[in-house]
Amino acid sequence: MGNSKSKSNPSSSSESQKGAPTVTEFRRTAIHSLYGRYNCKCCWFADKNLIKCSDHYLCLRCLNVMLKNSDLCNICWEQLPTCITVPEEPSAPPE
């Protein structure tokens, strides 16, 4: 009756976050660490062509499958990377 409050639009803030692409770096070979090689945390098989998610790596196949379902990662529940930068890697040693 007289107690109705105007509803604010909470989706406006989520739309602004959704529109901005998440940028990540593409790696042809995994970085070696003290604890061994990095693998795709979803399928555990791929160790090449990895994409860095928030705190883990995903292969291109698993990333595409997750992006078809939603914008969130199934492992860490953060936004999946949508824009990938490929660094130029030398094909031969410098002379």
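Every residue gets a Cβ built from N, Cα and C, even glycine.
Database features, via Swiss-Prot:
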COMPBIAS  1-16  compositional bias 'Low complexity'
LIPID     Gly2  N-myristoyl glycine
REGION    1-23  region 'Disordered'
MOTIF     90-93  motif 'PTAP/PSAP motif'
ZN_FING   40-76  zinc finger
For the zinc finger (40-76), the DSSP residue counts stand at 10 helix, 9 strand, 18 coil
Rounded mean pLDDT within the zinc finger (40-76) lands at 89
